[in-house]
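TrEMBL has this to say about the protein:
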BINDING   His35, Leu37, Gly62, Glu83, Asp111, Asn126  S-adenosyl-L-methionine binding site
COMPBIAS  287-309  compositional bias 'Acidic residues'
DOMAIN    42-211  domain 'Ribosomal RNA adenine methylase transferase N-terminal'
REGION    1-25  region 'Disordered'
REGION    264-309  region 'Disordered'
Amino acid sequence: MAGGKIRKEKPSSRGAPSSNHYQGGISFHKSKGQHILKNPLLVDSIVQKSGIQSTDVVLEIGPGTGNLTKKLLEAGKMVVAIELDPRMVLELQRRFQGTPFSNRLKVIQGDVLKTDLPYFDICVANIPYQISSPLTFKLLNHQPSFRCAIIMFQREFAMRLVAQPGDTLYCRLSVNTQLYARVSHLLKVGKNNFRPPPKVDSSVVRIEPRKPRPQVNPKEWDGFIRICFIRKNKTLGSIFRIKNVLSMLEKNYKTLQALQQLQNGSSGSTNAEIDISALGDSKEDQSMDMDDGTDDEMEVEDGDADGEASEFKQKVLAVLKERDYSEKRSSKLSQEEFLHLLSQFNMAGIHFS
């Protein structure tokens, strides 16, 4: 509906069963993530929980045939709907043509991930689940910042978004999202509330961007968090002893030292333009740090030929000794602890991008 590719359908052989579902003569395709909300009580509940004001511009992603769009138009000042499927765009235009809503609805045909988002106060979306992660961070990267987003996600993805330290589903996605937003679970939605029904249940989540936005270099943060969650249930002391990790960090360290000498002590880095959209990893929708690897994949650096740790390794381990980080696990580390540890690494001249 809002993202992915639209392909021409091959005509099916006569009498063959069809996986398409219909509403008003329009077929819906599961392969494109087209699952239309059919329960009017659920639609009302989503609009109510959105807290839309009469002066709000509402961004709707994947409006489909307009069941939710109508309620949004009744609640807000204007609705901007982004829809990929040209058939749905025509259906929306036909549905509201000649009604009092026609001049308060703007429909944009296109892939939401490739579309420049307009100004909006609130986003309400029932999206194709395969674009969940990139869309989340595209929204969080949007400026000026919006008030909140109410989004329907696949249930497991939603529970990862709201997971807290110590929860089984706490992962890199949880940490990255909660750095930039307050995330809360609103309601669980059974698969039978959709036409056609998806294979799994869904959840509606509320996302409120943090204001002001945390002044963290997103590339630095992403590199750091990726390392911490290589094995989220291993101690950080074990993770930062991995040969590949130490090698990469030492290479960064030497490169930055050389740059600082060239630039008279200035690293040349800046947070003036912070783009966090790259944190959205489409592959993360399926894998999301399950920590199911084996210890054989972790080649640990025990020391040099003389049995002594390298000078750089000692520098890394010295940072981890503060607050006993070396014995802590990413699966139980809070947002504040991650931020503090990253700042300590940076103060020691150790960087992750």
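Residue positions begin at 1 at the first shown residue.
The backbone N, Cα and C atoms fix where each Cβ goes, glycine too.
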The domain 'Ribosomal RNA adenine methylase transferase N-terminal' (42-211) [mean pLDDT, rounded to integer]:
95
Are there residues of the same chain, six or more positions away from Leu37 (S-adenosyl-L-methionine binding site), whose CB falls under 8 angstroms from its CB, and which are they?
Val43, Gly64, Asn67, Leu68, Asn126, Asn193, Phe194
Among all chains shown, work out which of the binding-site residues Glu83, Asp111 has the most CB atoms within 10 A of its CB.
Glu83
Report, as a single number, how many Cβ atoms besides its own are within 10 Å of the Cβ of Asn126 (S-adenosyl-L-methionine binding site).
28
With every protein chain in view, what's the tally of Cβ atoms within 10 Å of the Cβ of Gly62 (S-adenosyl-L-methionine binding site), excluding that atom itself?
27
